[in-house]
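Here is what Swiss-Prot says about this protein:
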REGION    1-401  region 'Carboxyphosphate synthetic domain'
DOMAIN    133-327  domain 'ATP-grasp 1'
BINDING   GLN284, GLU298  Mg(2+) 1 binding site
BINDING   GLU298, ASN300  Mn(2+) 2 binding site
REGION    402-546  region 'Oligomerization domain'
REGION    547-929  region 'Carbamoyl phosphate synthetic domain'
DOMAIN    671-861  domain 'ATP-grasp 2'
BINDING   ARG707, ARG746, LEU748, GLU752, GLY777, VAL778, HIS779, SER780, GLN820, GLU832  ATP 2 binding site
BINDING   GLN820, GLU832  Mn(2+) 3 binding site
BINDING   GLN820, GLU832  Mg(2+) 3 binding site
DOMAIN    930-1057  domain 'MGS-like'
Amino acid sequence: MPKNKDINTILVIGSGPIIIGQAAEFDYAGTQACLALKEEGYKVILVNSNPATIMTDKEIADKVYIEPLTHDFIARIIRKEQPDALLPTLGGQTGLNMAIQLHDSGVLESNNVQLLGTKLSSIQQAEDRELFRSLMNELDVPVPESDIVNTVEQAFAFKEQVGYPLIVRPAFTMGGTGGGICHNDEELKEVVTNGLHYSPATQCLIEKSIAGFKEIEYEVMRDKNDNAIVVCNMENIDPVGIHTGDSVVVAPSQTLTDVEYQMLRDVSLKVIRALGIEGGCNVQLALDPHSMNYYIIEVNPRVSRSSALASKATGYPIAKLAAKIAVGLTLDEMLNPVTGTSYAAFEPALDYVISKIPRFPFDKFEKGERVLGTQMKATGEVMAIGRTYEESLLKAIRSLEYGVHHLGLPNGESYDLDYIKERILQQDDERLFFIGEAIRRGTTLEEIHEMTQIDYFFLNKFQHIIDIEHELKDHKGDIEYLKYAKDYGFSDKVIAHRFDMTEDEVNQLRKTNDIKPVYKMVDTCAAEFESSTPYYYGTYERDNESVVTDKEKVIVLGSGPIRIGQGVEFDYATVHAVWAIQNAGYEAIIVNNNPETVSTDFSISDKLYFEPLTVEDVMNIIDLEQPKGVVVQFGGQTAINLAEKLAEKGVQILGTSLENLNRAEDRKEFEALLNKIDVPQPKGKTATSPEEALENAREIGYPVVVRPSYVLGGRAMEIVYNDAELGNYIREAVKASPEHPVLVDRYLTGKEIEVDAICDGDTVIIPGIMEHIERAGVHSGDSIAVYPPQTLSEEDIKTLESYTTKLAKGLDIIGLINIQFVLAHDGVYVLEVNPRSSRTVPFLSKITNIPMAQLAMRAILGEKLSDLGYQPGLQPYTEGVFVKAPVFSFNKLKNVDITLGPEMKSTGEVMGKDLTLEKALFKGLTASGVEVKDHGTVLITVSDKDKDEMVKVAKRLNEVGYKILATEGTAQKLADNHIPVETVGKIGGEDDLLTRIQNGEVQIVINTMTKGKTIERDGFQIRRASVENGVPCLTSLDTANALTNVIESMSFTMKQM
């Protein structure tokens, strides 16, 4: 069937910012789809609000709009561009919901835009719980006993019929937003209220819990001629009841009999045929472990997180082929790009095992609610490939970067068995490691199965891993046992611990006895057809399939799983670095382990090694490939942390030298440099004991910022105002010691400024300077950044330019450098220098059209910036105003305080651009999910130190027509300043403010921290109530000021004559 010739221009909707439940997998899918449509000769227009993606690069689509993903903005683009068609199934839930809104409002019809891919009626049939259930009944496919509710009362009526436990699933949401498992009336009321709030259709499905069934997924493709195939099937190790995005997953499934596999395969294909899916689709099923009974849980009629995993697990490019199916091509006429010889209608076959483990943000949010359920909490994931289940699991564990290298916890032996069992029953993010610990203590597999319902197949594999540990201990230094442990994925580090040797000794022993990994190709067909994909995984077997060429090579280390503080921005830089290496005539090799990203698409680099980012795994690749060198500055802290160990082993670190990377991090050396080049920094000291920290703080004068050295994303960083708070910090957050010094700095209040620069050793170019809206003290990743600066004087800009140039040259930077400054009342101070790519690189690259990561890579390979046509210093400004606004995922993380501070909390970002600051901010705030209204009610409750400043904001909000509610102290202050205000009761009193928030009477909350960070504090409850009821809550008066500017610019002031 030839492609659709009636259309020329296609609008693609992206998925917007990275949030929990919708991460980098959509950048990967969108990039693939846009390129596939261009390959077929269509003109592609892309709209997405996320500047950190490869997808929003000008090369990917013919026209790129970085605008808010709201009905109004997309409708404007449709009216302006007049596309022939819209492809909505590649932008996650956001893209789907937008398509439905644009259709319902008549925008598509009135502009003659047709929807490509799966028809809207099919999308609604899959997403609307009522329609889906009735279709399943017609097909005679069992669904769990359930009811559709639009009110809490209806939910209680259903509970009377079936009893607890119940699962609540809101319609048209993703990542299980607003859903959950309920065991009692209190939970049912809370979850249903939440779920109805988050569902665009105010509709929830309530079903009898089938927790404990096996959860199986099929990733399927269908075209318009009804050809349908299964690309990959996957099994969740955790039974039904934990969101698949939070489950440990294995592919292909390991515990199904052939009869069960075929039965569920047939059901999956029957369902997508009945729905009329055209493209990729994910089907989730529950199978009773004790019979052939099964239920269908849900169908995602779009490309999803699971399809990114299936693509990387098989090499079969689902999003690319889904885009081509959408324009009318069929599976039997498209070649599989991996083999180049077989057609896309052949189902992939795997001769290896894939393990996926989610990456959770609880290293950042220690007080967060860790228990897992149907609402997703992971920010990212890792994948590993092995020849046995044990090998792939252990490789995935050491890819997580939790400081865990094996099936157990770092200080596992210190826990007593009762505590371990309690944690296993709790089913949280560390359960897997506690299971390992329990087996180590001799707990029977029967007892663990009883507690977890995890299949014996997997429990036996865990037991096998523990058995190998015992064998190693009993046969220290034995080569046969060493080889056996390597076959099952043990790292040298773990073997060393059992052998009572150092890691280097085990490494040496291995090499002397020629025990080293070979690299196998991922070819989609288990070697049934000829294939030549440059996509490899390491394993301890015989034949090496990775042919080493005689071209000069450069290895780029990726940034691993998406987490808070290290997002898709680093993947963006990695991909650009690879393109620059290829353009310079070298062979570019990527090592990474994140299945969601563009960098792990095998068509990007000359070779892709899907391996853990550890010294051992990376060294094995270096030993084989013998590269010119390794690039670490694009992979975030993950790659930087490997630099020292690699250099010790004689590896050439390309770009800024290891010595200079360390100079930027080492307190004393950095201070010496600043004195030499005459750049001021806030007074600070290093403490190696709690006593010394107190002494330092008193000498410098409070408030001080305290933090451990060598961290990314401001982990464990705090501003403290007195001895008691400092003592508390040192006891709870960081044990200060000679190995782990704590930095104590004077906290300067002032405007924070961020600068990115590129240096080739001689010339320093500064693509742009960004000014933060929130004053210093809020982490740069959580601040709203503005380009070009709006309030800096010419003199300030000259100083920033001069300091940046001095720092880049003083540190002998080759490549990128990111610097944060504070402009205090008495001048500019340097706060922090990062000698690597930063999270603002994609944002600045897009604004200025300076391909920063590529230029940095060219400088690293020895080219001169002056030869490339760049003048030194600050580059000319781009016209317009651009803001980068943070996006948070607090609605998915219970018990997490949303107050902004030095520790980063946002999961993603959006960009707003326009001709004035107010318009750009309006777009940035809108894109980040803050609905800016020109009237409404604002609730203000601030700490004493903020009251004077708050009066000014309240006065302006009142003048544009906002009604003001405030708690007693704040209300008194406002009344004293003649501002109309209504006093609301404190929490727990009559007419309390939480009730006002829950009843939807409040549109904005302004709440600043009162010291004494106990969770019970009222402020915490106010902030959480805001998040859980979808009300924007501003915890910084700077943000409140900016929002007030925007509201003023939208409305007219009303003043009497």
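Glycine is treated like the rest: Cβ placed from N, Cα and C.
Here the features listed in Swiss-Prot are placed on the structure.
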residue: GLN284; record: Mg(2+) 1 binding site; DSSP (3 states): strand
residue: GLU298; record: Mg(2+) 1 binding site; DSSP (3 states): strand
residue: ARG707; record: ATP 2 binding site; DSSP (3 states): strand
residue: LEU748; record: ATP 2 binding site; DSSP (3 states): coil
residue: GLY777; record: ATP 2 binding site; DSSP (3 states): coil
residue: GLN820; record: ATP 2 binding site; DSSP (3 states): strand
residue: GLU832; record: Mn(2+) 3 binding site; DSSP (3 states): strand
Practice item. Fill in the CA-CA distance, ASN300 (Mn(2+) 2 binding site) to ARG707 (ATP 2 binding site), as an integer in Å. Key: 43
Practice item. Would you list, in sequence order, the binding-site residues among GLN284, GLU298, GLN820 whose CA lies within 10 Å of the CA of GLU832 (Mn(2+) 3 binding site)? Key: GLN820
Review point. Distance between ARG707 (ATP 2 binding site) and GLN284 (Mg(2+) 1 binding site) at the Cα atoms, whole Å?
Key: 44
Study note, to complete from the structure: Neighbouring CB atoms within 10 angstroms of the CB of GLN284 (Mg(2+) 1 binding site), all protein chains considered, total 20
Point to revise | Between LEU748 (ATP 2 binding site) and GLU298 (Mg(2+) 1 binding site), the C-alpha gap once rounded to whole angstrom | key: 52
Exercise for review: May I ask for the distance between GLN820 (ATP 2 binding site) and GLN284 (Mg(2+) 1 binding site), taken between their Cα atoms and rounded to an integer number of Å?
Suggested key: 46
Check your understanding: How far is it from GLN284 (Mg(2+) 1 binding site) to HIS779 (ATP 2 binding site), counting Cα to Cα, in Å?
Key -> 39
Exercise for review: Give the residue counts of the domain 'MGS-like' (930-1057) per reduced DSSP state, in the order helix, strand, coil.
Suggested key: 56 helix, 21 strand, 51 coil
Study note, to complete from the structure: HIS779 (ATP 2 binding site) to GLU298 (Mg(2+) 1 binding site), Cα to Cα, whole Å, comes out at 39
Revision key, fill the gap. Integer Å value for the Cα distance linking GLU298 (Mg(2+) 1 binding site) with GLY777 (ATP 2 binding site) is 44
Point to revise | For GLU298 (Mg(2+) 1 binding site), the number of other Cβ atoms found within 10 Å of its own Cβ | key: 16
**Study point:** Protein Cβ atoms within 10 Å of GLU832 (Mn(2+) 3 binding site), excluding its own
**Key:** 17
Review point. So what's the mean pLDDT when you look at the region 'Carboxyphosphate synthetic domain' (1-401)?
Key: 92
Exercise for review: Work out, from DSSP, the number of helix, strand and coil residues along the region 'Oligomerization domain' (402-546).
Suggested key: 76 helix, 11 strand, 58 coil
Exercise for review: Counting other Cβ atoms within 10 Å, pick out the least crowded of the binding-site residues ASN300, GLN820.
Suggested key: GLN820
Exercise for review: Inside 10 Å of the Cβ of GLY777 (ATP 2 binding site), count up the other Cβ atoms and send me the figure.
Suggested key: 20
